[in-house]
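Structure record follows, encoded as structure tokens.
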Amino acid sequence: MEMFTFLLTCIFLPLLRGHSLFTCEPITVPRCMKMAYNMTFFPNLMGHYDQSIAAVEMEHFLPLANLECSPNIETFLCKAFVPTCIEQIHVVPPCRKLCEKVYSDCKKLIDTFGIRWPEELECDRLQYCDETVPVTFDPHTEFLGPQKKTEQVQRDIGFWCPRHLKTSGGQGYKFLGIDQCAPPCPNMYFKSDELEFAKSFIGTVSIFCLCATLFTFLTFLIDVRRFRYPERPIIYYSVCYSIVSLMYFIGFLLGDSTACNKADEKLELGDTVVLGSQNKACTVLFMLLYFFTMAGTVWWVILTITWFLAAGRKWSCEAIEQKAVWFHAVAWGTPGFLTVMLLAMNKVEGDNISGVCFVGLYDLDASRYFVLLPLCLCVFVGLSLLLAGIISLNHVRQVIQHDGRNQEKLKKFMIRIGVFSGLYLVPLVTLLGCYVYEQVNRITWEITWVSDHCRQYHIPCPYQAKAKARPELALFMIKYLMTLIVGISAVFWVGSKKTCTEWAGFFKRNRKRDPISESRRVLQESCEFFLKHNSKVKHKKKHYKPSSHKLKVISKSMGTSTGATANHGTSAVAITSHDYLGQETLTEIQTSPETSMREVKADGASTPRLREQDCGEPASPAASISRLSGEQVDGKGQAGSVSESARSEGRISPKSDITDTGLAQSNNLQVPSSSEPSSLKGSTSLLVHPVSGVRKEQGGGCHSDT
């Protein structure tokens, strides 16, 4: 007998795991410590040999207890997992009647949560027990019958986070009001093919907007002095939206790698959206995107302020520029302050449609106070100042209505302001409409999503009377389009003929040759043109009258200063007055805009000196041929009158050296050096002096018209 007792002890002692041999023990499970009994016995019906194990297994049924699907659910669970122990080894299991009542009340929630009902707790296996252990029932349930049961199950119990969407503690995740829960990734509203189309669309629009805004900024760099206040904020505004476009393009390239967390099979976690500032890449994208989005809007408001100061308050450009420090402080300081606040509040959210990170994508309060409210405020202030400025400009236009030229310029300026403002305000107001529509319908969309996936995720399905509503993909595409296309309005302001001229000049300067050789080439081409022109006239004109008018063409090559002063001379070319210069010829010989006005004023004084130089040095080929043709027509007897005419004009003409020298030097074009240095950039000025020789029979003198 003693041997048998010893064997039983050896068999059952390892199973007791520290418990007293067949004795009751105090209840340590917190949820069951409020029961009418305080002692329990282990192992229980499910074979648990420790209260800690029983407490862990009991957690699978906690949704039923938390939702109170039955008034006796707590009593039944505690009696099943932590049974009652009376008088040492007398264990009281749950009764069959209690099991049937609880199971019938909670059957729908058991199916909803996918809870596996243990075989040991099947009501058929339990025994009917006496009334020594009271079973509490809800009197309303007994009175109302099955109607009350249906009402209890169908009441709205809120959102329960699915197991694969739960996150580890300490990250600050919150989804649909539930802590440590994250939205699913990819997007919870759209299918995979719709998401691919939306991402391609956003990437294409971002490239187009990036090119447009960069064109505006590069135009500013070509000629910085062109864009002064009040127009200067347009440049900063375009820079901001170029960064915004760049962020969306980077998000398009990255896909979901930054906006989503990868699934963890070990922890049974699925792909979820990044929430909070723990992800560094997502945080950087958020900071740049939100900061420059708000900064671009503030710079537009500052642009309307500068326009109002210039048009309404009649401030000068210099006066407005003095306030530039304050403009920069507000434009960069306000978005920076809002960005820091959002980082401190841990409001960073991944966007699994565009691939970037922003704010207010799942948090309605953050979207309302940090996106919608600032944009509405900027639109209101900017539109008010813009209307005030346009009214002031219209008043000025009425005052100067007698000045047609200035009135036309002012009218064009007002049209530019109106079109530019419309190109900015229409997309921005549309964007605000998208945000407002999303604010109103977001809750309905979320309830619909929970209702569609509750059985798949084994979570409670919401009870609702409203019709289901799902968002349209077109709404989100319009929102992204309006966000990006706002920056394109700056292209309209810089898009003018002057901008094309500046870009053409920029590329031309990059390919420009040596300025000195360039000026010489222009001079040589001009002289060759006159030489060819006069040779044609020589064959056509057989009769020459000495009284015919002549044009004295003086070509002066202006060099370019490249560290040392470059001096170039002048050459004189005589053309008969019969050789009429057409519009194209005048265009070719027209002086450059950089010609010094001092030479034009000193034209009368410099002409005699140039003529003396022309007579004292070898003549140009065109001049020699012109004079030679004149002598052949008039004969040797008229040479004296020509020389007398030359003396009356203040120059000395050689008699016999003209022909010889001209023929000898016909192949050499010599340009005498000018006494006045020039620093103009490769320009060639051609000064045309009409000289009329009116022959008088008696005096043989010459009358000159200059």
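Cβ atoms here come from the backbone N, Cα and C positions, even for glycine.
Both Cys24 and Glu502 are recorded by Swiss-Prot, but within differently named topological domains on opposite sides of the membrane.
Among the candidates Cys32, Cys106, Cys123, the disulfide partner that Swiss-Prot records for Cys78 is Cys32. Candidates considered were Cys69, Cys129, Cys161. The record in Swiss-Prot pairs Cys106 in a disulfide bond with Cys69. Of the cysteines listed (Cys24, Cys123, Cys129, Cys161), Swiss-Prot assigns Cys129 as the disulfide partner of Cys95. Per Swiss-Prot, the residue from Cys85, Cys123 that shares a disulphide bond with Cys99 is Cys123. Residues near Cys78 (disulfide bond) in space but far in sequence (CB under 8 A, at least 6 apart, same chain), listed by position: Val29, Arg31, Cys32, Met35. When each of the listed stretches 202-222, 325-345, 371-391, 417-437, 474-494 is scored by C-beta pairs under 8 angstroms to the transmembrane segment (234-254), 202-222 comes out highest. Between the candidate glycosylation sites, Asn38, Asn352, the densest Cβ environment within 10 Å is the one around Asn352.
Counting every protein chain shown, 17 other Cβ atoms lie within 10 Å of the Cβ of Cys123 (disulfide bond). Within the same chain, residues 230-231, 233-234, 236-237, 240-241, 243-244, 247-248, 250-251, 258, 277, 327, 330-332, 334-336, 338-339, 342-343, 348, 356-359, 374-375, 378, 381-383, 385-386, 389, 424, 428, 483, 486-487 sit at least 6 positions outside the transmembrane segment (285-305) and bring their C-beta atoms closer than 8 Å to a C-beta of that stretch. In the three-state DSSP scheme, Cys95 (disulfide bond) is classed as coil. As a summary of secondary structure, the topological domain 'Extracellular' (438-473) carries 21 helix, 0 strand, 15 coil according to DSSP.
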